Ligand SMILES: NC(=O)C1=CN([C@@H]2O[C@H](COP(=O)(O)OP(=O)(O)OC[C@H]3O[C@@H](n4cnc5c(N)ncnc54)[C@H](O)[C@@H]3O)[C@@H](O)[C@H]2O)C=CC1
Ligand SMILES: O=C(O)[C@@H]1CCC=N1
């Protein structure tokens, strides 16, 4: 696969790292306005760093756009004339809808909208995908890429904003929970390094249990909560202080905010 990442910032670089680790490309172009910060990646064979988006498009078949929403229109106009009918355009750009992309490049391009998260750098992204009518014929290419870099599902475009909150912002929400449990562990006497390790691995274990067993969280919670034990004591105290409620309210606030930026 000849891939170009147009806009190699936080997310673009995470995707690039995932592609490099998985050796998932024939050639890979990384573009950025100031290339110095990513120049070191050119040490990888078959990888080129450039500030020239048109060059990257001309030498690639799959174009992954990872620029800020305000930059997307200008960049699509810039590369429009370099597109051929087989290019697959994959946008990660928050809130930039498929009709807006089609309005610039035309309905006859294969267009996929994706919402990955930064865990893509370690092959663990939960990525949501949707496409235009034409893109349905090539969405399997996007699935193949993102399934090598984690897990993907196809959703209707009108759920992309919600997917952004749950999956992309969700990384930050879960990180904060890990930090909080780390702080709790330090208060119980672990040094910061051990506390961090205990918190991360327990989080990983909880998610893995659910993924591998397919069970509901409460079924696994029931196995841990000894009657009159310390787990139910802690859980109930957390709920009295609004743990679930605060997470749900945070998700709602995030969704409200994203809909002030754009609507699907
Ligand atoms: N950061 C995240 O966790 C996620 C971000 N997104 C979306 O992905 C997009 C990128 O997000 P980030 O990586 O966080 O932003 P960022 O600001 O870190 O990266 C954007 C990159 O585009 C480059 N750029 C700007 N103009 C350019 C041009 N004309 N040609 C080439 N490169 C250019 C910038 O130099 C920058 O490196 C945004 O639309 C964001 O909403 C989606 C999912 C997750
Ligand atoms: O915080 C944001 O608005 C963007 C979208 C998802 C991740 N970062």
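Cβ atoms here come from the backbone N, Cα and C positions, even for glycine.
These features come from TrEMBL:
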type	residues	note
BINDING	6, 7, 8, 9, 10, 11, 66, 67, 68, 69	NADP(+) binding site
BINDING	53	NADPH binding site
DOMAIN	2-94	domain 'Pyrroline-5-carboxylate reductase catalytic N-terminal'
DOMAIN	157-258	domain 'Pyrroline-5-carboxylate reductase dimerisation'
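Features recorded in TrEMBL, as mapped to the structure shown.
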| residue | record | contacts (Cβ under 8 Å, 6+ apart) |
| --- | --- | --- |
| 6 | NADP(+) binding site | 12, 31, 53, 56, 57, 63, 64, 65, 66, 67, 75, 79 |
| 8 | NADP(+) binding site | 16, 30, 31, 32, 38, 49, 66 |
| 10 | NADP(+) binding site | 118 |
| 68 | NADP(+) binding site | 7, 9, 93 |
How far apart, in Å, are the two Cα atoms that lie farthest from each other among 6, 7, 8, 9, 10, 11, 66, 67, 68, 69, the residues recorded as binding NADP(+)? 14
Confidence summary (mean pLDDT) of the domain 'Pyrroline-5-carboxylate reductase catalytic N-terminal' (2-94): 96
What does the DSSP secondary structure composition of the domain 'Pyrroline-5-carboxylate reductase dimerisation' (157-258) look like, as residue counts for helix, strand and coil? 88 helix, 0 strand, 14 coil
Binding-site residues listed as 53, 66, least Cβ neighbours within 10 Å: 53
Translate the DSSP assignment of residue 6 (NADP(+) binding site) into the three-state scheme. strand
